[in-house]
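Input: a single structure, listed below in structure tokens.
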Amino acid sequence: MAANPSFSSGTAILACAAMAVLYVGMLYTPSLLFRLPPARTINEHYIRRFTCSVVASVLASGLCFWLLGSPIDMLRNGDLPAALAVLGIRRDHVATLYPLLLTALLYLGPLVMTALNTDERLEDEAKVEMGFIQGLFTRTRDNVISLTTDIFAWRNYIVGPLTEEWVFRACMVPVLLCAGYSQLKVMLLCPLYFGLAHLNHYWETVYPENRNHKIAALITGFRFAYTTIFGWYAAFLYLRTGHLVAPLVAHIFCNVMGLPAVGDALESPYNKVIGLTFLVGLGSFICLLNPATSPALYGYMPGQCLPTAS
């Protein structure tokens, strides 16, 4: 589908910047705009932030729909599935399994390390296999249980990934595509907004945590780097599959796993096995990246301006 001529590429850039600023700025509206007193508990603090994130996501969707125009016409005609498909929310060809398995390959080394460390006394091959399964099951079970009581689990595994992918992929990508940007440029631009949106952590590191500016700059710079790198991958998944679910499951999985503990891997008695499985996982990821995200698997025409539900 051809790009929408009703707005320029510059307008698209400004619109995406506005979405990023809106998403971050909304987090501070309870205290700065509404003059609410500081939250009394950590749960209250994050519930306020969850509410702000959802509101920012709704407003970003409105800006996206207003610029594109067609989704508003779809809503007026009662075609909600077609309007949601513009944001990558589609009922056909659910894009969950392949993106999840593809992302897991990047963590093959840490997964094996976790499994082996569940019991260093395991000796024979059958026991090692059982320990691997037990390690995965235990981690999954603990994370699921924590969702009901842990506010940080809600932030890291549900609200954060969902609202971030909604704004920085579902709302931004269609706007940039319809402004005439190529897939490559879209894949490079969106993660920059995503990385820049995490720079507010500099302020939060300096003042609430009382860190000095040098340490805060290092932490924030590192955070910007890895969120931008992940953003490239998430944008790639979204562009290739046309599904919001694809980057969403990858985002949740990465948050569950966290950054690889390189130091622990080097000190582990199984460091050679862990290193080998990491290389195998990385090689498999590179080999399967294109086949596992082939648009044909998801009924999607890559790079189209306004994807529609089938």
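A Cβ is built for glycine as well, from the same backbone N, Cα and C atoms used for every other residue.
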Candidate ranges 175-197, 244-266 [criterion: TrEMBL lists as transmembrane segment]: 244-266
With pairs closer than 6 in sequence left out, are the transmembrane segment (12-34) and the transmembrane segment (97-116) joined by 3 or more CB pairs under 8 Å? no
When secondary structure is assigned with DSSP, how many helix, strand and coil residues does the domain 'CAAX prenyl protease 2/Lysostaphin resistance protein A-like' (152-257) contain? 90 helix, 0 strand, 16 coil
